[in-house]
C-alpha cells in the first residue's frame, strides 16, 4: 500500500521518459562530434591540417597565439588557421605553406600590411621606407622669420648607393587662420634627406585678429601657434619641384592652384611658436666658486671675431679683492680688460706669454659700495675681458680658456675651463638620424647584439646639410634600456638590459648644440611561456621501436608473451608532444607611473621558439628529450622540466614540468585526410590591424587522370589525446595504403613511408582507401605482422573543372594550388564526397574553412560569408549510413563541427550555387536542446506537484468533520478468489461495517486509477479477483490496525476509505484516495439488493451517483 504524501502517479513515467530523452540527446551530441568515452585529457589540442608555415622575404616575423584562443579554431583535418605578424621587412613578405610534396605561396597584400608609407606606390620605392620630419627651431622670432624642416627617409640602406632613383618632392605648408605659406624640397643623397624653408610674413607676428562678438585671447607665453603640414608629390620631368617657394595669402581654401588635390593628403608635422621679441644672444654660465661667475656666448664664432667674457660677482658677496687668471692657447689673443663701473671696481691687467699658452692676470679691487639699490639681479658685473679668435686649425673646433680665482691670504680656487666654439658656418641645429623609431630587444633571448645605425647631420642658415657623425658626443640617459657606441655611430642592446621603454632618449651634442634621439625599446616579458600539447606521456601498447644507444632500455610490458621478448632490441614507444615557447614584447610607458605598453596588444603572444631553440634543454634528459626543439619524446618513467636558459647568464627564462607515466595507452583511431593540393587565403585580423590571418585548406577532389594525392594522418589514443603522426620518426613506423577499388584509385610504390601516394584512375567516390600503420620492420614478429592501427580514407575522383569557381575572384581570393606531385597548377576548388547510399560524407572546403574560422576574427567571418556566396555548394553534409560508419573510423577531425549539415534529399542539384545559411553548430544545438529539456522537466514537475497538492487539499477531511465520524469499522477485503464474494450468501453485513472488494485482475489497475481519480465514485466492480491470498491478507491486516474512530459520530454516518498498494513487481502505479460522503447519499444497509449479485450492486451504485 502507498503512504500518504507520496509523489503523484503520473510523474513516474514522465520522469522516466525524460531521463531516456536526456540520455539519447547526450549520446547524439557526443556521437555527432566523434568524442570517445575517455575525454578527460583536454590538454591535447584538437586535430588540424599539419602543414608547415614559413614567412619568406621578411627580416623579422612571428607567428602569433591569441590569448584565450578558442581551441576549436583549428579543429578540422582539412584546414589550418594561423595568424602572423611581420615586424620588419624591406619588401612585401610571402607566406609559404607546405605539406608532403605540395606547397603553396602567397604574397601578403599591401592593404593587409598597413604600412605608413607616404612616398607613393611601392613599385617605385622600397617597401619599408618611412618619412620622418624634424622642425629645427620651434621658436621663430621676428628678427629671423624663417622656419626650416628637415625630412629624411627611415629604413633606407645608407650604404646602398644604387638606390639613387628619383625620390619624390615634398611641399610644406604653414597655416595661420585663413592664410598659408608654402615651401618645398626634394629628397636626395645617400641619406635621402632635404630641408624645406618657409619665409613667414611679418604680419603673422602681430596679435591674431578678433572677430565681432569674440573675446580677445590672453597673450600666449609660448607664442602664436602656427601649424605645419606636408604633402608628397612627384617632381616634374627635369626632376625639379616647381612652385615650391610660391607663397599665397589665402590659398588654403580648396580649388585654388591645385590645392584641392593636396589638402586631402596633408600630413601633420607639428607646431611652431611666433615671437615679436628680439632673439637675444644666449650666454652660458661658468661658476668658479660661490663669489665669481663667468658668462660667455654659447653660439659659435667665426675667425676674426671678438668674444667678450663677462666677469661678475654675487650681489651678496663681501669680497673686496680677488685676482683672476685666464690662460688661452695660441690662436686666441687677449685684448683688453675694462670695467663698466670704474667708481666701483679698480681693474689692472697683466699679460704674460709662456710657450704655447698666453696668460692674463686681472686684479680686481672694490672701490665703493655695491649698487644694491639700483639693481635687483643676482650678479653685479666687475670687468669685461675681450678675446680675438685669430686662427684655428679646422673648420669646426673649440678654443678652451682656463680660469682660476685667487684671494689674498685665502688661497686659490679650482681650475675651471670654458670653451669657445669656432665655426665658419652659421649652424641652426643638429639632427640625429636613425634607421627606425623602435628596436626589438631579442638579445635577451639569443645573446646576439641588436644594433641600429645612427647618423648626425648639422643644418646651416642657408639650409646646407653636413654629416658630423664623427664630431659629436653622445650619451644614453638609461643604459639599462639602451646603449650607444663610443663613436656614436650606432645604438644597440646586448641582452643585459632589464627593461624596455617608450621613447628612450640618447642625447647627441655638437659644440653648443644638442639634440635628443627618441627610440622605443621592446623587451620580451619574463618568464617566458612554454606550451606543450600534452604534459603527460605514456607508453603506447603494441608500438615497439628499436633501441639505439641514445635511447633508454624501456621495461617490457608485463602483458607481452615470451615470443615478444626475445632479443630483438626493441622497446615500447612513448607518446610524443609538440612544444613551443611564447612571450609578449612590452615597453614601459613614460613617467614614473607609466603603464606597460604591448607590441600589438595584450591579447597576443609571439612564438619565439626559433629564437630560443639553442637554449632549450630538459633537466633530466634520460626521462625525456627534445627533437628539433619542437617535439617532446618520452624516454623513461619519471618527472622532468623543460627549461629555457639565458644565453648570457645562469638564469632560467622559463620552465615547464613534464611527467612520463608508467601507464600504457592504446591507439584507438587513425584519422585519414586526403590531400590533393593546398590553397591559402589571407585575411585581416579584426583584433589588430598589424596581424594577418592565414587559412590553408587541403584539396580533396582528384580532377585529372593520374593525379596524385597523399594522406594526412592523426593518431587518437585511449587517454583522449590526439597527435599528428608527422611528429614521430619515420623509422619507427610505416604506412601501407590499399585501394578498395582499383578502377577509381590505385596505390603505387610510395616515395616516402610517411606519405603514401594514391593515383586517380577513374571517377568515383567513397571510403576507397585503407591505410595500415605497422611498427618498424626490425621489431616485427616472425609469425605475424604487427598492425598498430587501421584507417579508412574517403576519396572522390571527378574529372573536369569545378563550376563553382567560375566566378571572378576578389581581393582575398584563394591562391593557386601548386601540385608538385603531379606537376600541375590548379585553382582552389571546392568539392563534396557522397557515399554509396547517396548520403553526404563531408562538407565542402569552404564550409569547413568557415568552421575553422568561425571564432577566428569578425573580419575574417565577414570575408568568408562573401566567399560562401560565390563558391559554396549545397552538398556539404556528413550523413553517412550506419553500415558505413561501422567501417569508417570516428571522424574526430570535426571536433566539434562548426558547419551546418544540409539534409539529404534537400532537392538541391549538385552544381547549383546557393547562399548557404549559417545557423547554429551541432554542439550549440545539442546544448540548447539539453537546456530546453531540463526546463521542460522542471516545469512539468512543478505543475504535477501543484495539481497533486490542490487535489489533496480538496479531498482532505476537515477538522470539524472528524467529530461526526462513526465508530464503525470500514473493511477493505482483498482476496484472490471470485467465489469469496458469493460465499457471503444473503446475510447482510453489520450496519456499522462495510467491505469493499478491489479487483487485482489485469485490467483492474487502470480501472482503479480511473475510479479513484474521479472522486471515488465507483462505476464498475468486477467479480473476477486475481490476487494472492498472502498479499491480500497482509494488506487487510494493515488496514484493520488503523481504523477511524469518532466518539461523537452517529450510527448511520458511514466513512468509506479505500487503500490500495501495488507490489514492486507489479506494473500498476500506486494510487492513494480518500472519499467522504454523507449518509443521505449512500446507505450501505440495503434490504432490496443481495450482496452476492454484483451486477445489481453496480446498478444500485450508479443510481446513487446519478442522484448525487
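Each residue, glycine too, has its Cβ placed from N, Cα and C.
These figures come from a predicted structure and were not determined experimentally.
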Quiz item: Looking at 820-857, 858-895, 896-933, 934-971, which one does Swiss-Prot call region 'Disordered'?
Solution: 820-857
Self-check item: Position flagged as N-linked glycosylation site [Swiss-Prot], chosen from 96, 373
Solution: 373
Quiz prompt | Swiss-Prot annotation, N-linked glycosylation site - which of 74, 316 | solution = 316
Quiz item: Averaged over the topological domain 'Extracellular' (28-922), what pLDDT does the prediction give?
Solution: 77
Self-check item: residue 316 (N-linked glycosylation site) CB neighbourhood, other CB atoms within 10 A
Solution: 11
Quiz item: Which three-state DSSP class does residue 316 (N-linked glycosylation site) fall into?
Solution: coil
